[in-house]
Amino acid sequence: MIVITLPDGSQREFPGPVTVAEVAASIGTGLAKAALGGRVDGKLVDTGHRIEGDARLAIVTDKDADGLDLIRHSTAHLLAYAVKELFPEAQVTIGPVIENGFYYDFSYKRPFTPEDLAAIEAKMTELAKKDEKVERRVLPRDEAVAYFKSIGEDYKAEIIAGIPAGQDVSLYREGRFEDLCRGPHVPSTGKLRHFKLMKVAGAYWRGDHRNEMLQRIYGTAWASKDELQQYLHMLEEAEKRDHRKLGRELDLFHLDEHAPGLVFWHPKGWTVWQQVEQYMRAVYRDNGYLEVKGPQILDQGLWEKTGHWDKYRENMFVTESEKRDYALKPMNCPGHILIYKQGIKSYRDLPLRYGEFGQCHRNEPTGGLHGIMRVRGFTQDDGHIFCTEEHILPECVAYTALLQKVYKDFGFNDIIYKVATRPEKRIGSDAVWDKAEHALMESLRASGCEFVVSPGDGAFYGPKIEYTLKDALGRQWQCGTMQVDFSLPERLDAVYVAESGERLFPVMLHRAIVGSLERFIGILIEQHAGALPAWLAPVQVMVLNITDGQADYAAEIAKTLQKQGVRAGVDLRNEKITYKIREHSMQKLPYILVVGDKEKAAGAVAVRARGNQDLGVMPLDAFSQRMASDIAHKV
């Protein structure tokens with residue numbers, strides 16, 4: 001007898017080997033119909049998987065995260081099937097699941113057009129309606145190579161040829177299409193009903209620019225029509241909020257082919273940058289951080305000591321001068337240790353907190369660049385705390401509270417907390433890791449934060465907390481980090497004198513709140529759809545005159561506000577007032593002040609708030625108080 005234990009602890013007995021589908025059917029016809037796969041002793045498998053002995057089994061349906069992955073993986077194969085039906089000469093390569101969807105790369109003699117994409121999607125729908133069974137078979141490696149060569153799929157043959165000799169490979173067939181795949185997959189194409197193809201892009205074979213440029217078709221797939229529609233609606237909203245589009249429209253920044261991955265900040269955009277930086281500078285000052293500044297170029301020898309030269313060199317920009325090799329720093333930590341090492345440090349000096357708006361450069365591949373969110377040159381609000389093991393808990397508690405306040409001030413209230421614990425390969429004793437992991441978790445508990453643990457995801461040199469924002473569209477952005485480091489101070493021989501007189505290595509806490517300022521400003525632009533709160537807005541107020549008769553008064557109003565520290569402008573153009581109001585409203589200004597003869601005579605202003613709100617006529621002092629309140633309360 002084979003005993004199958006279900007998630008609720010109940011057990012079912014079978015006289016011999018049994019498939020996942022058969023177990024589901026024994027539970028009920030509804031579950032049998034809904035089953036997409038199963039988890040057998042933790043391993044995700046097809047419904048056709050045979051269970052040969054006692055096992056724990058969870059049936060996977062479209063209500064599970066695993067089920068959604070199965071749907072997306074199988075829809076990628078459905079895409080390839082449709083392409084081969086419509087374009088038999090196309091060669092298939094790879095098609096993985098990605099966040100919110102999937103893609104598949106194809107080699108074809110001409111670019112796919114939008115009309116092709118529509119035809120492919122229609123063919124996918126047609127094939128799904130056939131509800132063709134998805135079947136798995138296993139071949140020896142060499143036989144699989146020969147098979148794919150015989151049907152003209154050279155890329156698949158090349159992939160399989162890279163698998164060790166003597167190893168079997170699995171293939172999945174649906175209808176007339178068969179593909180190399182580890183699986184698992186849904187039991188039939190009829191399970192794939194809610195999908196959409198999104199776009200075509202270029203991608204090099206195996207990610208190598210020396211290889212052929214392939215065509216990558218992206219798609220999304222969901223468990224229900226409602227979920228698909230919600231996702232597509234979110235994408236429409238995201239497109240409206242796209243920081244690249246708003247950056248152009250609001251004249252904040254631009255990107256140029258002469259400097260790929262680097263940002264040209266315009267006056268308005270640089271004003272936003274300055275507001276974020278000055279806010280964070282005050283955070284440093286008010287929380288015991290000493291601001292420092294390190295050089296951008298450091299000698300190869302330092303990067304060899306830190307381990308970056310071996311592990312990270314491909315992502316570093318290197319240069320040479322007078323027969324010495326240097327690198328633009330990809331991070332600020334080594335520089336902070338060199339500052340720490342100047343002079344003897346005592347246990348009385350700890351914790352010692354350094355902060356820097358450090359400009360870093362990383363040689364990101366061109367295909368990975370994205371507006372100001374993913375760049376090659378960026379500035380971090382980078383902080384490092386040198387401390388003892390006993391300081392880890394209180395420092396993390398203080399940091400989490402600080403981070404929560406900062407995020408709230410910028411308009412983010414939904415934060416996800418994750419603790420990444422020790423990996424298999426690590427340095428330091430288990431006792432030290434126990435203490436560090438406990439301190440990180442206790443710091444979150446003390447801050448009233450629910451968190452998830454991600455086992456094994458810590459760095460080799462220490463565990464960390466990741467702080468992820470949720471924006472107005474529900475998207476997640478990992479910004480903040482608190483990383484414990486037992487390694488780098490020792491690598492660079494940074495010590496402190498303990499109370500006993502012994503020289504010890506400090507613990508180093510790497511922390512950032514907003515992370516890359518470029519990326520964070522991009523997130524802010526999208527969070528607020530370009531309508532930044534008054535305290536951040538590059539232009540807070542625009543004063544408009546109705547006729548030339550109020551030009552001097554309008555200019556005087558703007559000058560008075562500027563003296564009060566308000567970022568005010570004045571538009572004295574001889575244009576219709578409705579035209580000027582509409583034009584400045586499109587710039588998403590917090591306030592527009594209109595002055596005509598009545599306002600001039602009364603020493604007042606007519607106030608229009610963002611969103612076409614008419615706040616009426618008020619004395620300038622009253623408006624100034626309102627503006628000051630908005631800035632003080634970060635609205």
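Each residue's number is its place along the chain shown, starting with 1.
Each residue, glycine too, has its Cβ placed from N, Cα and C.
Remember, it's a predicted structure, so these values are computed and weren't measured experimentally.
For 1-61, the entry in Swiss-Prot reads domain 'TGS'.
Taken together, the residues in the region 'Catalytic' (242-533) have a mean pLDDT of 94 on the 0 to 100 scale. The annotation region 'Catalytic' is assigned in Swiss-Prot to 242-533 on the grounds of sequence analysis.
Look at Swiss-Prot and you will find Cys333, His384, His510 tagged as Zn(2+) binding site, backed by sequence analysis. Following the DSSP three-state reduction, the secondary structure of His384 (Zn(2+) binding site) is strand. Around the Cβ of His384 (Zn(2+) binding site), a 10 Å sphere holds 28 further Cβ atoms from the protein chains shown.
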>> Name them in sequence order: residues not among Cys333, His384, His510 whose Cβ is within 8 Å of the mean position of the Cβ atoms defining the Zn(2+) site.
In response: Met331, Asn332, His336, Asp382, Gly383, Gln483, Asp485, Leu488, Met508, Leu509, Arg511
> Looking only at DSSP and grouping its letters into three states, which state does His510 (Zn(2+) binding site) belong to?
Replying inline: strand
> According to DSSP, which of helix, strand or coil covers Cys333 (Zn(2+) binding site)?
Replying inline: helix
> In the domain 'TGS' (1-61), how many residues does DSSP put in helix, strand and coil?
Replying inline: 14 helix, 25 strand, 22 coil
>> I'd like the number of other C-beta atoms within 10 A of the C-beta of His510 (Zn(2+) binding site), please.
In response: 22
